[in-house]
Structures are given as C-alpha cells and as structure tokens.
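For 168-188, the entry in Swiss-Prot reads transmembrane segment, with the evidence type sequence analysis. Annotation source Swiss-Prot lists region 'Disordered' at 260-301. Taken from Swiss-Prot, the feature compositional bias 'Gly residues' covers 264-276. Feature annotation from Swiss-Prot assigns repeat 'ANK 1' to 603-632. Feature annotation from Swiss-Prot assigns repeat 'ANK 2' to 649-678. Per Swiss-Prot, repeat 'ANK 3' is recorded for 687-716, and the stated evidence type is sequence analysis. Taken from Swiss-Prot, the feature repeat 'ANK 4' covers 730-759. Under the heading repeat 'ANK 5', Swiss-Prot lists 825-854. What Swiss-Prot records for 923-989 is domain 'BTB', and it gives sequence analysis as the kind of evidence.
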Amino acid sequence: MARRGKKPVVRTLEDLTLDSGYGGAADSVRSSNLSLCCSDSHPASPYGGSCWPPLADSMHSRHNSFDTVNTALVEDSEGLDCAGQHCSRLLPDLDEVPWTLQELEALLLRSRDPRAGPAVPGGLPKDALAKLSTLVSRALVRIAKEAQRLSLRFAKCTKYEIQSAMEIVLSWGLAAHCTAAALAALSLYNMSSAGGDRLGRGKSARCGLTFSVGRVYRWMVDSRVALRIHEHAAIYLTACMESLFRDIYSRVVASGVPRSCSGPGSGSGSGPGPSSGPGAAPAADKEREAPGGGAASGGACSAASSASGGSSCCAPPAAAAAAVPPAAAANHHHHHHHALHEAPKFTVETLEHTVNNDSEIWGLLQPYQHLICGKNASGVLCLPDSLNLHRDPQRSNKPGELPMFSQSELRTIEQSLLATRVGSIAELSDLVSRAMHHLQPLNAKHHGNGTPLHHKQGALYWEPEALYTLCYFMHCPQMEWENPNVEPSKVNLQVERPFLVLPPLMEWIRVAVAHAGHRRSFSMDSDDVRQAARLLLPGVDCEPRQLRADDCFCASRKLDAVAIEAKFKQDLGFRMLNCGRTDLVKQAVSLLGPDGINTMSEQGMTPLMYACVRGDEAMVQMLLDAGADLNVEVVSTPHKYPSVHPETRHWTALTFAVLHGHIPVVQLLLDAGAKVEGSVEHGEENYSETPLQLAAAVGNFELVSLLLERGADPLIGTMYRNGISTTPQGDMNSFSQAAAHGHRNVFRKLLAQPEKEKSDILSLEEILAEGTDLAETAPPPLCASRNSKAKLRALREAMYHSAEHGYVDVTIDIRSIGVPWTLHTWLESLRIAFQQHRRPLIQCLLKEFKTIQEEEYTEELVTQGLPLMFEILKASKNEVISQQLCVIFTHCYGPYPIPKLTEIKRKQTSRLDPHFLNNKEMSDVTFLVEGRPFYAHKVLLFTASPRFKALLSSKPTNDGTCIEIGYVKYSIFQLVMQYLYYGGPESLLIKNNEIMELLSAAKFFQLEALQRHCEIICAKSINTDNCVDIYNHAKFLGVTELSAYCEGYFLKNMMVLIENEAFKQLLYDKNGEGTGQDVLQDLQRTLAIRIQSIHLSSSKGSVV
C-alpha cells in the first residue's frame, strides 16, 4: 500500500508546499479566499488534487496548516463516500411534527418582507412548505437530541438546556437570532401571567407565537427529551423553530435566484459548477465593499474543486483548491446581475438552491447523524457573517482610529478559523490562540450576537488536556513529512478521515465553548472536545457528561498561589468523597477547608448533594454521621459561586435525591430530619421547585406517596424571580406538574391527599378574595374553606396545562370534581378528542358547552372554536353529535331576533298615470311575453333601470317592432310594469306562488326596490318547510341579503331543521361539487358576525 500510494503522496506534498495566499507573503496575488473557488478552466487531477496554474517564485515555499483549509489529501478519494465513516441517517423523517403546514404558512406570510413584493394570491406553494417543514424538522431533532443529553445532569429540561442546545447545533448567527426570539416570547409570556385572563388564553397567544407551545411541549414529553420539561423550555424551542423558519425563508426570498437556476445537490445529481458555493456574486460584492479589492475578502469563502460530478453522502467530492482571479469572480457577478433583480419566488427549486449554497444551514438540514458545519453542498468552507471582519472594515474602538488588524493579519486569523488539519500540538496551540484572540474583542464589541466567550468574570481558556484531545482529532501525520528529518512510515496503521468530514477549527471552538458555557465553566476540558467530536465527526460517540464536582474547577491565574493551593486541596477532597470509599471521609474533610463537610464546590453543591446525585446510600450515611447539614441550600450568589446553574439555586440534598429518583436515599434523608419541602419556609415565597413538584413531574408514584406521607404540600408552587405570579403560592404546583406531564395516576394520588388546616391568620389578598363568602353557610364544593379556594385555583391551573398539552383524560378528571371550564380549555379538549376520533368524549364535551359563562366568550370562539365545530359537523355522521352542535350554534346565535330587511326608498323618477298601463293607443314600445303583446312607454322605461335602457337601445325604433321577453311569465311581467307605472309596490297584489318568480324578474330587470320588497315578503313567509327552497333560490340569484337572512333563520332554528331531510341534504349533499361545504362556510361566517355583535362588541347585543 505504501508503494502504491508513494507517488500520489509526493504529488500531494508538492501541492502542500505551494503558497495558497495565506502564508504571509505580502506580494501574493492570490491572497483572497475567493481565488480558491473551483473553475472549469483547471481540470481535476487524477490524484484528487488540482492542476495549479503557474505560480510566482515567491510562492514556492513551505508553510504550515494554513494550507489545509481546503487541501485534500490522496486518501480522501478513497473515503469521499464516507465508507466506513458511518454516515448514517440522523433519524427517519418525523411522521408528526409539532406544527401544521397552515401554521407554517401563516408564520411565513406574517414575517414576509414587504420589499419582496405582493404576496401570492393563492398562498405559498404547498410542496415548498412541505419541503421546508421536512428540512427544519431535522434541525428540531438535532436540538432535541442535544437538549436530551444536557438534561441528564439534573434530570430536567429547562430553557437553559434548550438555549445551550441551540448554541451547540446552530451557527453563531442563527443561535443569536433564535435566542433573541426566545427571550422576546418568554418576556411576553411572563407579562401576560399578571393578567386575570391568563388561563383563558393559549400559551402561544400569550407568547405572540404562531406554533402551538402546548403541542411542542407534548412532543418533548413524548420524545423523552427529559424526565421533566419546564414550560419555559417549550417556549424557547417553539420560538427557536419559528425563528429558523423565518430565517431560512428570508434567505430564500432574498436570494433573488431565478427558478431555472439549480445549485449542486438540488435534485439533478450534477456536480457543482462555477457558480456553486455560497454564491460567486455575493462573494464578489464582498470584494468590492472591502478595501484593497480582492485581498480584502480573504477568508470569506474557501471553495473546493470537484474531482467528480457525483455527490457523496456527506458532500460533493471537493479536492484541492483551484485559483480563480478576482476579475473572473467579478465577471461572474456581472453575469448574474439581471438574475438578482428578478422577483424571488418561494419554490422547491429556490429553497434547495438557497440551502445548498448556504454554509450555515446546509449541514444543519442534512439527514446525517453527524453535523456538517461551515460547508455548503459544494464542500466550500465559509466563515459565518458574524465572524467575517470584512463585512465591517471600520471595526475599531472609535471612528477615525486605525483598523484593529491589517489585511494580512485578517487573512491569517480567518484561515486559522478555517483550518481543518494540523501537524503538531504546537501548531494547534498557535491556531487556537489566534482564533480565541480574534473572538474575544469581537464579542466584547458585539455582545449578544451569539459569539462565544460571554462570561463577564473572565475569558475562557483551553486546558492542556483539551488541546491534546483536539489535536488527536485534527492531527494529520502526513503534514509531519514536510520535516526533512522525519521519514514517512512504510506501513500505514491509521485510517485518515477524509477532508470532507473534517470540520474547521471555528466549529470545534464553537461547540466546545457552548458545552463549557452550559456548565458555567471558565475553561474547556477534554470532555468538551469529545462532545464536539461526537457531534461533528461521523462514527464518533461518547457518553453524556455527568454531574461531577470537578466540572467547573478553574485554576485561574488571577488567584495567588495560596488560593490556588486551597482550591486544589478542596478539589482533592471532593474527589476522595466522590470515589465512593467511606473510609476516606475523615481525610477528605480535612482537605475541604474551613467549612469542613459542608464546603461548597464551584457549583454551589456540598459533598452530601453529590452523594445524593449518585445515589450512594452508604456515603450519604457516612456524611450524615460526620455532621453534614441536611438542609443546606445551593447558594444564589453568582459573584461568589459563578458556576451555579440557575435552576439549582435553593435546592437541598433531598431535592437532588428526588431528582434522580433514589428512593432509599430520600427515605434516609427524611428519617434523618430533612425538610420535606426543601428550602421552603412556612409563610415565605418559594423560588425553587419543591421535591414533591419534581416527583410529580416525573410521575414517580412511590416517591410522591412517600413525600405526601411525610407532609409535603401539593399546593405549593414556584415564584418567578421577576416577582410576577398570579397566586400567593406561585405557579406550577404539584397538581400542575402532574397534569402537564400527563401522569394521571399521580394526579389522582395528589387529589386524594387530605387537606392540611392552615392557621387562622389571613393575608390581605385572601381577605379581599373571601368577600361576602365568609357569611355564607352553604358554599359550593371546593369553596368550603380558604384551603379549598387555593386548591380550586391550583386545579384550574392544572386543567389549563393538561388541556394545552393534549392530556384530555386528565382534563376530564379535573372537570369531574367540579372545576369549571374556560372557553380555551374546552376548545383544546374538543380539538384533541376530535383528532383522536373519540366519539363518546366529543358528545360529552359538546354537552358541557352550556356550562361556559357567556362572559368568558372571547375572540378565540370565532377564530378557533367555530372552524373546529363546523369541521366536526361536516365530518360527523353521528346524529347525536350533529344535534348537539346545532344546539350550540343556536345558543351562540342568541335570543335576539334575526336582523330585519328594510325597504329601499325608490328615487323619485318620472311616472305615468296607471291609465296608460298596457294601453295600445298611447304606447311607443311593445314587448312580446309568452306570445302576448304588452304595451309600454319608453319615457318611463328609459329611467327605470339600466336593464330596460339596454333593451330599448338595442332595438330599432321602427313601428311594429316588438321586444321579446323570455323566461318571464306574462302575469309576472305585468306585476313588474304595474310596479313601475304605480311608482311603488303598495298597490301590488302578489300571490304566494308568484313571489319567487317576481324576485327573479326584479333581479333580472335590476329593480332594486322591487327586489328588496320581494325579499321582505320571503323573509316574512319563511318557515321550516320552505326555508331551504328560499335559500337555494336566493343563492342562485345572488341575493346576499336574503341569503344572510335565511342563514340566520337556519342558525336560530337549527335544532328543528336538523331533522329536516331537505336541510340535511343541503348541508351534506356533495352532488353540487362542494355545495355543502359552501353552505357550512356561509353559516360559519354568519354566526361569527353574530357572535361579534352580541358577545364581543362593546354594545353586547344592542347591535344585531
């Protein structure tokens, strides 16, 4: 093998010695990364490299790993298809995602840029929406998987785990956008918590989101992201998904790529062409914007030439870099100048083109288990916009100052970030040092843009073991052969990872920093690098990080030698206690410091807490015997213990034992005198979750029973640190935790717990809430005492969460004990029952609608409730359900009368004496109706209506000419003429069997006053027998006022009409190509208008 690969290796080494423009040569003419874009003028080498053009003499020199940014070694060609690298699919495409295409379309249309032109009349293409949904669902799975691993430390998923997962999976820019969106949504949610209608509005509405937060929460529970899901985590994940959708959609719309263009990997299977990559035109734009011409855009993009046209499983084969002069890129930009001004369209083609050419989102949306970062579908390495200094050439401290870096320094820094291989640990240390030095001031000037190093206490640094671990994954033995003192090995015992699967250094840094930041550490250790390798490299895996005492150990250089020595001794003491040997307790305590056995680590935890996390019952007993404090709390002082996780503040050893479900340890702590409520003191506010809340959330029946036996209070909730809470006892009590996670048996256990009597001291809020109920002798159920009132509030909150998350059985259980419905909880329960096709439950819920107070009717009834109920009516073949829906519709229509039709006052026009009606002697025009002449006068008819004027104008004025009128009976035509000659309908004698024909004639001759008169007669004569005929006739003629009146009659008398066969045929008959559906839509619209006028308007019924 060595002999076979010797010549290609020599060729590759020759390529490695060529200066690609980043070796610091000031006279390099190919100093731009854009010059590395692949070009058809340089055919691919059979050795997997590129045929380089003639080079300047100054470029023939040896250089370090800066040249490995986009240089492919010969072994790459053997593994370009990731053979043996386990490029398996991430997961099958999700069958069910926590959003619908309708919600996705509404989200994208709401966030549409007005500059993109008018919206498409028919909405966004369904195939493009489905494609986008499938792609982003992969990002959802990636973020959920990382959040799942992070949540193992505390057996709980909070907003911090979701935010860290976003920073791990997403690029710096995307993570910043998602974090900002999540913070905005959570702020709106917290502000809405202070309102009295918080349980009457959905979580999405309270957050200002389009996707259902409750559905995302249920998806997280069903996907086992964690044993416990905090509601803020679901809000963060929902906002993150919406932000991703908006970001990708805006990039597609802003791309301006014509539909005929297709990038690599867009389905055609062709290899990348000259215009592939993140866009030659945008790159050329960067050249022009930056000072120094092409040199200024160095590091913006690094392209790779294609050795073959096919696509590999990771990316199209990209070999060594090929040079393209800046002029060629400018010509390419000019070539696409007109394309950039074409109206962008959101189609499958433009979506694929944008994704394939965007290095920030292409790898994220691929189906492979590992995450491809920093490259697009062509294998082009690119820096994200947040790290590209050339986008802001004046990035200095003050205007007028010199730039922070020279152009050569910028190229060196950016190439440090893009390096994929190193030859030695010294070289890697230099690269990491350059990269971290670059990221530090960038983050300081643009704080909050998602870049790393966000700790205010100091800069992050790399531990030596972390650098050695990173060097193991990035090391390239062949690069050592440049040293003339090193002889290449004759036998290759190592399998080289192909270039295509190697991430750039900036991605190693990004992921490692995100892991270190999640545990609030100031240094990256080797485990952070292994976690990054697991994510970024195919076929690499490692266990999730466990909660350890040395997670955040930091030997900061700011501390003196004495302080560092004390820290090392303390760390040794914790290690001795964590090893599990009970015979080392006395020796370990002597090393911990002045606080002894109760010494806290950097994470604010004592040795007893760590033993409870491990479930080491023997060590717990030994620590208790040694005098460990049972009820000491995790501190909440970040300036002294900056590595404390925010969610663990005020937790006790019992809390940690409950978190990880160690029942024997819980029993031991309780027997030893641990407080069953954790850190909660009687009468004080609770800012952390109690052990019972945590046990109820996970559904541990045995643990819940044990805590209840020891006196735990299920009514205690959690106060948010911003002071916003709806009840004195906080939110998300144990009832709500069990209901939110769907633990029905635990909820019933909590419900069966007898109430504890409180003291007779009343708070001011309780006094005001009591009101006149103090004097009542027979209060309703659940209101017999102040405890019962608190329980009722807790159960109402639990009912809200169970309905939001789709646990309808728990919701019904809560309703069965007398907790009243809100409109929102009822609608959510009905929606879930309909989706699950549970007919008996639908009937039960529909029967309960009348228990909802009309004062609680909100806009949700119109926007969400009516569409749902009419959909059930359309889909249901059950007569009982249909009758119940009719009862609801009639109830919502209200007792007020149907809006009356009013006569139209006819404008005063010329009129003739009735004596001239059908008088042959005085007439000047003759109509022929049913073969019989009818004599009239033009002077009257010309001004009667536009229709008569058109009839008279279309006929010659010769004597004896008759105007034939078809489809109108003679008697009906006579009534029309009588109306005209008499000047009104007062003298008309209309028979019942003539009214419909007269209405048709009035509509045909455009006589609005006569038409309205006929409509009024029809409205007065409407009954259950003829209402369907009148409605059909009115719809056929297009008489909207009479149609609306009939729809009001239907809704007001629907309970009776549902037994009418003609009415049922009108609703359900599909022979008319969707006629039934149109009727239901019209009824829904009419009922919505009615509800608005009598329930939701300020007049409350005065306007009907």
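Backbone N, Cα and C atoms are what each Cβ position is placed from, and that goes for glycine too.
Just so it is clear, the model here is predicted, and its values are computed rather than measured.
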Intrachain neighbours beyond the repeat 'ANK 2' (649-678), with Cβ under 8 angstroms and 6 or more residues off its ends: 154-156, 604-606, 608-609, 612-613, 615-617, 620-621, 624, 628, 630-636, 686-692, 694-695, 698, 700, 702-703, 706-707, 710-713, 716
Positions whose Cβ lies under 8 angstroms from the repeat 'ANK 1' (603-632), at least six residues beyond its ends: 520, 547-549, 551-552, 573-574, 577-578, 580, 582, 585-586, 588-589, 592, 596-597, 641, 643-645, 648-649, 651-654, 656-657, 659-660, 662, 664-665, 668-669, 672-675, 679
Counts by DSSP class (helix H/G/I, strand E/B, coil) across the repeat 'ANK 3' (687-716): 17 helix, 0 strand, 13 coil
Tally of residues which DSSP labels helix, strand or coil - the repeat 'ANK 2' (649-678): 16 helix, 0 strand, 14 coil
For the repeat 'ANK 4' (730-759), residues assigned helix / strand / coil by DSSP: 16 helix, 1 strand, 13 coil
Integer mean pLDDT for the repeat 'ANK 4' (730-759): 86
Counts by DSSP class (helix H/G/I, strand E/B, coil) across the repeat 'ANK 1' (603-632): 17 helix, 0 strand, 13 coil
DSSP residue counts for the repeat 'ANK 5' (825-854), split into helix, strand and coil: 24 helix, 0 strand, 6 coil
